[in-house]
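Written out below as structure tokens is the structure these notes cover.
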Amino acid sequence: MTIFEELKARGLIFQTTDEEALVKAFEEGPVSFYTGYDPTADSLHLGHLVAILTSRRLQLAGHKPYALVGGATGLIGDPSFKDAERSLQTKETVEGWVEKIQGQLSRFLDFENGDNKAVMVNNYDWFGSVSFIDFLRDVGKYFTVNYMMSKESVKKRIETGISYTEFAYQIMQGYDFYELNAKYGVTLQIGGSDQWGNMTAGTELLRRKADKSGHVITVPLITDSTGKKFGKSEGNAVWLDATKTTPYEMYQFWLNVMDDDAVRFLKIFTFLSLEEIEEIGKEFDQARHQRLAQKVLAREVVTLVHGKEAYEQAVHITEQLFAGNLKALSARDLKVALNGVPTYEISADENLNIVELLVNAKISPSKRQAREDVQNGAIYINGERVQDLDYTLSDTDKIDNEITVIRRGKKKNFVLTY
């Protein structure tokens, strides 16, 4: 199976320019290709992972990746299928984000070894020195307004309004392709399916300005089986930065993927062979309640993004929480697992009984409710039920002398720190 056939089999090809010419280019030898990442935040997220891992697959097949971080285009903002104008960021902010994103990309692509080692580029290196007049003369003249207006990403914004800044974005991305072709011989661009208009602006510029052919592959924007945009948890992006989305949170995200999506996501997000995935799928279908596909998916992706140790910690936390065995976890583990849970700080020598504690920490709304909660068995300290109204916290309730977890009911957790 060729690399192009494998990408198709994994569901990683949404659209291409001339497929026959593209297949021939892959057959004739190593292809230099690039994928662009605009710094719109200080971290990439799961939505970016499809293109990143596709780049890695191509590198493993012998092709040469260029990872372009948009230090210049990030200052402008891509309008593609956005309902409103992006907020412009300062140059200093974008520079900081560029640096962080470059660090993240180095986890997935090999920048050190072999003739096809990856190369990191920043489009500010060429846009930073070009004058407005030169850009209009040397690039702008190759694009008609009619051509630019025909892009679906622009059409969707015409009625609500689009600034010239964002309107010109497609020319900037097109010039990236031209520049990388001229400097490094890059002939293929890979990106999300929402980028088709911007990417083909690059092939158009190559054709008209340099009389050369370029290729484009778009990867699909991933949705779950209900059509919901993939990569968000509770409405928030699942980030690749462990300080923004912990490995435990990422593990839980994959573990909770719907049954109908799990095997498909194994093809897209893991490096297991298609034969292995087929076998996992068969076993999974025989006992879906055991969630084998989700467990394998969580293992493979968390290990890939954060490493084996982080994966093992996530599994350990999950198992102990499920068993209600909170005292088997360290304070560090609990802080990871309960990230975002309401926290109440008390003095280490504060001797509040359970009723006062529940009210002061706003766990129960009143002393009357607090008494009822305790008497009804709704209060748990570190996973153990407390029904004594005179119960007072002791040192044995302080995990690592740092933290106590109080649960009200089945799901409402609260953290006490000292």
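A Cβ is built for glycine as well, from the same backbone N, Cα and C atoms used for every other residue.
In Swiss-Prot, the feature motif ''KMSKS' region' is placed on 229-233, out of the ranges 114-118, 149-153, 229-233. Ranges compared are 39-48, 99-108, 209-218, 359-368, and Swiss-Prot records motif ''HIGH' region' for 39-48. Residue annotation for L-tyrosine gives TYR34, TYR169, GLN173. The furthest Cα pair among them is separated by 18 Å. Look at TYR169 (L-tyrosine binding site): DSSP puts it in a helix.
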